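Asks: Below is one structure. I have some questions about it.
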Amino acid sequence: MTYRLSSLTYTLKLLRSSYRVFPPHNTAQLINTSSALRSHGGLVVHRDTNENNPDTPFEFTPQNLRRIDTILKNYPDGHKSAAIIPILDIAQRQHGWLPLSAMHKSADLLGLAKMRVYEVATFYTMFFRKPVGKYHIQVCTTTPCMLRDSDSIVECIKKKLNIKMGETTKDGMFSLAEVECLAACVNAPMVQIGDNYYEDLTVADMEEIIDTLAKGEAPKAGPRNGRFAAEPVSGLTTLTEPPKGPGFQVRSDL
């Protein structure tokens, strides 16, 4: 016991000295500057609120239960837990975001401990653990998009919707989040809204997209500068003719 207490005392002294040399970070500042946390709903810990607690009403619709049953048939017995991501996705699409009660229902369907579902829902940033707008605008601001002036897209959205990063419009139609790379760097700057990517954006494009969504219509997804996909703007420099087919330039003795 004496050894344990002395070890604890020594550890506490080390911690105090490290605090003097390396002052602790401001936790609120860390949260405010983390785009992953902003888009994900804040801290990974849960705090009950009036809108998000174990008693928040949530039941899968009959249609979604049939979808879940179809998904589960793809997994062998003993491995149904692998379906947790698609089931959480269905829950979020139904509810608009992922409340605690939806996680509990998902756990019950799979026969999992609730903690196992929490682990998944708090790890993947595509799951929103607080309410978001009907049209959740996720703006990529990492290096390629930043170099292509994603800042102007962010400012356009803020001004157009009169909201700040992480906020939702009063009518619940639009919300704004900053996210890490969305893997469409060659089409920078770009945003994701729902399942759609809007790429090669200008400020005018972003305003048009918001106006179209506000009218309940579907804006054209994909590149906005005339490109079909991610081909060079100046035209193809490779793959300019049909492929030669099997055996082309292969050794004749093979």
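A Cβ is built for glycine as well, from the same backbone N, Cα and C atoms used for every other residue.
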Asks: What range among 141-178, 217-254 does TrEMBL describe as region 'Disordered'?
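Replies: That would be 217-254, the stretch labelled region 'Disordered' in TrEMBL.
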Asks: Within the same chain, and leaving aside Cys140, Cys145, Cys181, Cys185, name every residue whose CB is within 8 angstroms of the centroid of the CB atoms belonging to the recorded [2Fe-2S] cluster site, in sequence order.
Replies: Thr141, Thr142, Thr143, Pro144, Ser150, Glu180, Leu182, Ala183, Ala184, Ala188, Pro189, Met190
Asks: Under 8 Å between C-beta atoms and at least six apart in sequence, can you list the same-chain neighbours of Cys145 ([2Fe-2S] cluster binding site), or say none if there are none?
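Replies: Within the chain, Cys145 ([2Fe-2S] cluster binding site) has Cβ neighbours under 8 Å at Val139, Cys185, Ala188, Pro189, Met190.
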Asks: What number of additional C-beta atoms lies within 10 angstroms of the C-beta atom of Cys140 ([2Fe-2S] cluster binding site)?
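Replies: Summing over all protein chains shown, Cys140 ([2Fe-2S] cluster binding site) has 28 other Cβ atoms within 10 Å.
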Asks: Kindly report the helix/strand/coil residue split of the region 'Disordered' (217-254) according to DSSP, in that order.
Replies: 0 helix, 2 strand, 36 coil
Asks: May I ask which residues of the same chain, at least 6 positions away in sequence, place their Cβ under 8 angstroms from the Cβ of Cys181 ([2Fe-2S] cluster binding site)?
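Replies: Listed in sequence order, they are Cys140, Thr142, Pro144.
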